Amino acid sequence: MYHRNILVEQTDPEIWAAIQAENARQEHHIELIASENYASPAVMAAQGSQLTNKYAEGYPGKRYYGGCEHVDVAEQLAIDRVKQIFGADAANVQPHCGASANEAVMLAFLKPGDTIMGMSLAEGGHLTHGMPLNMSGKWFNVVSYGLDANEAIDYDAMERKAHEHMPKLIIAGASAYSLRIDFERFAKVAKDVGAIFMVDIAHYAGLVAAGVYPNPVPHADVVTSTTHKSLRGPRGGIILMKSQHEKAINSAIFPGLQGGPLMHVIAAKAVAFKEAMSPEFKAYQQQVVKNAQIVADTLTERGLRIVSGRTESHVMLVDLRAKGITGKEAEAVLGSAHMTINKNAIPNDPEKPMVTSGVRIGTPAMTTRGFRDEEARITANLIADVLENPRDAANIDAVRAKVHALTSRFPVYR
């Protein structure tokens, strides 16, 4: 028997200390990693519920275990809500993460040795889109597309490569690309060469849900995403698809890749999807994009170069070469000033992947805590202050004090 009032702080002080320390970090640091966000208390409550106890292999109404009548309700709510948000014919909410969602698509439609086409990791793509060390690069023949001289996707080159190599799967989507993607152009190319067209909107899903970024669902055979990042849910994945692909995708997830779904996480996804259907969520995403534009413009005014020249989303890459500092060093010194970013390669980066010449900055988390125009401008100036004098301890101390003053005014969890 368990007593409900016995908590982690009583049973495991070491873990409780780590949780409390991380809570303090999140409250007192400005989070600028584009793939991170803050889940709502409602999402976290669902994820910490008794649904974690239930095994439910299969799908609603077709389980391999008894006693699934209540988790069926939770999963069906998640499915119905995410279909409504994105206008999808069908949806699978069971993927444990975005990588699993992408793997399931490949399992459903490809055999080892088939050719796939995705955006080059070195120019903004994601490792699951064909990186040699990833399963996608090990099992399939990979053809990559990249950027043109203006650091925008080179659609003409992509089209030429598609006709030359005739891939079975074409992937659109990126992890470090700030501009809007022309999904309709990709779809036409995929149709012309007879390829399945998959879009990975892991980074852009929240923006798409709110209508501030193009929706690929009308154009794609399959759309994958994570449920955290800009969508602001629990860590997990989803797959949206045309109805004719539902059976193949569902079979690829279970029993193809996964066993029992995480019902507590699926319930948390459902809660996040309901939140994403609210007017407040749309206003939030509008501010995410506005904050990103303000940060990019301010950094440009301070002498930093934004890759692609601008952002049209929530994310940007900053080229640091003119400042004589690497991405690795910038990540460290900004972290010392309590601003969390990640080092990131820029196109044609001369540095090693763990060093890099750039950093990636995103605005979803800072916007969740209430930052608007003024705070976005202040944050960008604080970033620039650090990067102008990265080895000056007094400068770092002064910026850290300003960061604390700002975060104290905008707590994440009140």
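Glycine residues also receive a Cβ, built from the backbone N, Cα and C atoms like all the rest.
The (6S)-5,6,7,8-tetrahydrofolate binding site annotation in Swiss-Prot covers Leu121, Gly125, His126, Leu127 and is backed by sequence analysis. Taken from Swiss-Prot, the feature N6-(pyridoxal phosphate)lysine applies to Lys229, supported by sequence analysis. Annotation comment: Swiss-Prot describes His228 as site 'Plays an important role in substrate specificity'.
In sequence order, Gly118, Met119, Ser120, Gly124, Thr128, His129, Gly130, Met131, Asn134, Ala174, Ser175 are the residues of the same chain, not among Leu121, Gly125, His126, Leu127, whose CB sits within 8 A of the CB centroid for the (6S)-5,6,7,8-tetrahydrofolate site. A straight line from the CA of Gly125 ((6S)-5,6,7,8-tetrahydrofolate binding site) to the CA of Lys229 (N6-(pyridoxal phosphate)lysine) spans 16 Å. A C-beta separation below 8 Å, combined with a sequence spacing of at least six in one chain, links the residue listed as 'N6-(pyridoxal phosphate)lysine' to Ala34, Ser35, Glu36, Asn37, Ala202, His203, Ala205, Gly206, Pro364. Taking a C-beta cut-off of under 8 Å and a sequence gap of six or more, His228 (site 'Plays an important role in substrate specificity') has these contacts in its own chain: Ser35, Glu36, Asn37, Ala39, Pro234, Arg235, Gly236. In the three-state DSSP assignment, the secondary structure recorded for His126 ((6S)-5,6,7,8-tetrahydrofolate binding site) is coil. Residue environment of Leu127 ((6S)-5,6,7,8-tetrahydrofolate binding site) contains 17 other Cβ atoms, counted within 10 Å of its Cβ in all protein chains.
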